[in-house]
Amino acid sequence: MKILFVEPAIFLSAFAMTLTGPLTTQYVYRRIWEETGNYTFSSDSNISECEKNKSSPIFAFQEEVQKKVSRFNLQMDISGLIPGLVSTFILLSISDHYGRKFPMILSSVGALATSVWLCLLCYFAFPFQLLIASTFIGAFCGNYTTFWGACFAYIVDQCKEHKQKTIRIAIIDFLLGLVTGLTGLSSGYFIRELGFEWSFLIIAVSLAVNLIYILFFLGDPVKECSSQNVTMSCSEGFKNLFYRTYMLFKNASGKRRFLLCLLLFTVITYFFVVIGIAPIFILYELDSPLCWNEVFIGYGSALGSASFLTSFLGIWLFSYCMEDIHMAFIGIFTTMTGMAMTAFASTTLMMFLARVPFLFTIVPFSVLRSMLSKVVRSTEQGTLFACIAFLETLGGVTAVSTFNGIYSATVAWYPGFTFLLSAGLLLLPAISLCVVKCTSWNEGSYELLIQEESSEDASDR
């Protein structure tokens with residue numbers, strides 16, 4: 001008997017994703033550090049390889065390393081842009097007919113292949129530039145955005161009531177927070193006690209178990225398409241794919257279409273800033289004046305991941321006394337405050353305190369997805385999440401590339417500039433959400449509007 005709980009797959013995937021990020025960044029950082037100069041990292045050092053004295057030649061050297069790491073991250077992100085966009089859009093769109101498991105399986109295969117390649121790269125000390133090729137190839141199978149999009153669509157398929165969608169998505173965020181928090185907290189100890197080789201191997205094993213669970217134990221609430229759809233040619237399949245996306249907007253009334261576009265803009269602009277700035281935190285913490293080691297970076301990652309847990313608690317409590325849109329406002333403005341505080345953090349204590357306003361960072365992601373799911377029909381959920389995932393893939397890669405480029409250009413004169421810029425950019429989703437509020441957003445009214453449009457379509461037939 002198949003299981004209809006996607007949570008175990010999310011648990012394992014979140015563990016692998018959270019551990020892969022800081023490990024890969026610090027591995028590349030050390031390789032570039034050692035190849036750029038005659039300096040080596042000490043594996044048992046209790047302090048970061050970092051120089052705080054600006055007059056020291058080591059200080060200029062580490063600034064050069066920061067620039068090189070940032071540029072390399074930029075190259076990796078760009079290499080996976082096009083294949084990631086195509087695969088994400090196609091896989092999630094066809095999931096409305098072929099089931100949600102298909103994109104989960106394919107993206108899990110890609111993640112597993114990439115993690116195995118990381119193990120080999122680290123063990124045999126291959127040129128780290130080969131990571132660019134693995135990113136390019138792995139993106140064809142989909143990425144974590146594809147996986148999360150399929151998981152969210154899987155969950156929405158099982159939720160009949162609108163409030164249930166918000167709570168269920170918030171529970172997923174809680175699970176993500178629990179896993180990513182503990183993983184982030186332990187990531188530094190993984191590096192220190194096990195080294196990069198064994199750490200990457202653990203990631204590969206967890207992804208293999210995840211793939212086995214999805215293949216053999218996870219059921220799919222969405223049935224396979226009819227034989228007529230299966231026998232469609234490839235060109236007809238693509239036409240049908242884009243046609244469904246076009247009809248998602250065309251079939252909506254003017255007011256609902258405007259709201260749909262506005263909410264998508266809000267989600268993507270917020271996603272652009274939050275995802276784009278995320279990799280910069282580690283580089284910022286490695287650099288002077290903080291000079292954090294791998295353990296402190298793990299603590300910082302754990303505090304950042306705690307926002308999943310606190311966001312779940314916030315949604316659970318706030319849902320009794322306020323609407324989704326008000327919760328989104330709270331998340332945006334607290335995140336903006338955290339960005340501004342981080343820009344001026346010059347000590348370890350200040351950096352930890354700057355993490356506090358990020359406690360509700362995940363709230364807008366959950367409630368905005370829930371709001372979007374309420375303005376489309378149940379048969380359009382897969383197409384909607386395909387659009388979201390496609391835009392998130394495009395926005396995420398563009399954001400990471402943009403912020404890495406900005407950080408590389410500004411790290412020498414003011415490393416915190418990127419965080420100040422992020423705080424300013426968060427005004428865009430805040431203003432967009434204000435416009436949504438001015439359109440008299442009401443969850444019940446849009447539910448009735450969708451029902452009326454559906455009845456009109458039925459009568460036309």
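FYI, residue positions are counted from 1 along the chain as it appears here.
Glycine too: its Cβ is placed from the backbone N, Cα and C atoms.
Membrane topology from Swiss-Prot places E197 together with W292 on one side. Cβ atoms under 8 Å from those of the transmembrane segment (295-315) belong to residues 18, 22, 26, 48, 166-167, 170-171, 173-178, 180-189, 192, 278, 281-282, 285-286, 327, 330-331, 348, 351-352, 355, 358-363, 366-367 of the same chain, restricted to positions at least 6 beyond its ends.
Segment contact is absent for the transmembrane segment (416-436) and the transmembrane segment (134-156), given fewer than three CB pairs below 8 angstroms at sequence separation of 6 or more.
Stretch with the most C-beta contacts under 8 angstroms to the transmembrane segment (262-282), considering only 74-94, 102-124, 198-218, 325-345, 348-368: 348-368. Scored on C-beta pairs under 8 angstroms, the neighbour of the transmembrane segment (134-156) with the top count among 102-124, 198-218, 348-368, 383-403 is 102-124. Annotation: stretch 74-94 has the most Cβ pairs under 8 Å to the transmembrane segment (383-403), among 74-94, 102-124, 198-218, 325-345.
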